[in-house]
Amino acid sequence: MRQAQIWRYQLPMDAGVVLRERRLKTRDGLLVRLREGENEGWGEIAPLPGFSAETLDETQAQTLGWVNAWRAGDNPAWPAAPSAAFGLSCAAAELTQVLPAAADYRAAPLCTGDPDALIPVLEAMPGEKVAKIKVGLYEAVRDGMVVNLLLEALPALTLRLDANRGWTPLKAQQFAKYVSPARRSRIAFIEEPCKTREQSRAFAAETGIAIAWDESLRESDFVFAAEPGLTAVIIKPTLTGSLDIVRGQVAQAHALGLEAIISSSIESSLGLTQLARIAAWLTPGVIPGLDTLSLMQAQLVRRWPGSVLPCLDTQSLEPLL
Ligand SMILES: O=C(O)CCC(=O)C1=CC=C[C@@H](O)[C@@H]1C(=O)O
Ligand SMILES: [Mg+2]
């Protein structure tokens, strides 16, 4: 006998979370719980405004359709919306115990503002020291100075940077000018430095700073290929689709010698803990990009180890089914 429940959630965000020039006041999504016999599986479906093509209402309609067919005993194809396909395939993978329980709860600390706040966090970080810094929000010269200073202050530090296509070739050059050439190899990559892929490739060739593709993976003309200067691809499962598609992308990246990094689309703690399990399973040993829980004011159903945020249970949510 199959049973299913769907809840809609809304979590308050920390003041000041801005995505693609839009303030994100709340994070809205769905939680799904599938039950069959003794087993149960959960999934989170949360299209990210400004990043996902689908709206939450469209996603909700597709999710209800899929869940009703599943309850009736069918095994329907995943819905078209990537966020719905990902969340439902996670619930199914938990139900059938395909998704292993072991998780990689290390997260590269994310820094969008004050680099001084990052130093004590990194000093206390056991093992490999990796942080992610958002660049392109302030002056490129300031970004270059901050990156250089951090690499100088912490000789064991490796940085991941993310410009979200924010730089012109000139600004990207201004950034690089302030990072000493001897330290550039400790920038594991910079995600999408320039507006076009061609400009980002030229930046890598001119500066010797490695790049990674993130936004590009969701463009229709993107193909996985090894290229000079490219070291990694950033995979955001909520924006990608079913767990099978995510596995396929990780396999393609690995076959080309590229690092695959499982990254957050600002899911709740439930989704983030599943991403930590997906990372431990598909990209073992690679620190995932999951340091986004602190952007929220509460956790949901499952706790992220060590987080002091209050945790809401399903009783405080609106049931849709
Ligand atoms: O990748 C990480 O370490 C954290 C996730 C992260 O940086 C992002 C998540 C979602 C939207 C973006 O603002 C941002 C990104 O561009 O990668
Ligand atoms: Mg990115």
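Including glycine, each Cβ sits where the backbone N, Cα and C put it.
The active site, proton donor feature in TrEMBL is assigned to Lys134. What TrEMBL records for Lys236 is active site, proton acceptor. Look at TrEMBL and you will find Asp162, Glu191, Asp214 tagged as Mg(2+) binding site. Per TrEMBL, domain 'Mandelate racemase/muconate lactonizing enzyme C-terminal' is recorded for 115-210.
Shown on the structure are the features that TrEMBL records.
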{"residue": "Lys134", "record": "active site, proton donor", "CB count, 10 Å": "17"}
{"residue": "Asp162", "record": "Mg(2+) binding site", "CB count, 10 Å": "23"}
{"residue": "Glu191", "record": "Mg(2+) binding site", "CB count, 10 Å": "26"}
{"residue": "Asp214", "record": "Mg(2+) binding site", "CB count, 10 Å": "23"}
{"residue": "Lys236", "record": "active site, proton acceptor", "CB count, 10 Å": "25"}
Taken over the domain 'Mandelate racemase/muconate lactonizing enzyme C-terminal' (115-210), the model's mean pLDDT: 95
Recorded positions whose CB lies under 6 angstroms from ligand 2, from Lys134, Asp162, Lys236: Asp162
Lys134 (active site, proton donor) as reference: those recorded positions from Asp162, Asp214, Lys236 with C-alpha within 10 Å of it: Asp162
C-alpha spacing of the residue listed as 'active site, proton acceptor' relative to Glu191 (Mg(2+) binding site), in angstrom: 13
Three-class DSSP secondary structure - Glu191 (Mg(2+) binding site): strand
Non-site residues, in chain order, whose CB comes within 8 A of the mean position of the CB atoms of Asp162, Glu191, Asp214 at Mg(2+): Arg160, Leu161, Ala163, Asn164, Ile190, Glu192, Ala212, Glu215, Ile234
DSSP three-state assignment (helix, strand or coil) for Asp162 (Mg(2+) binding site): strand
Residue pair Asp162 (Mg(2+) binding site), Lys236 (active site, proton acceptor) - Cα distance, angstrom, rounded: 14
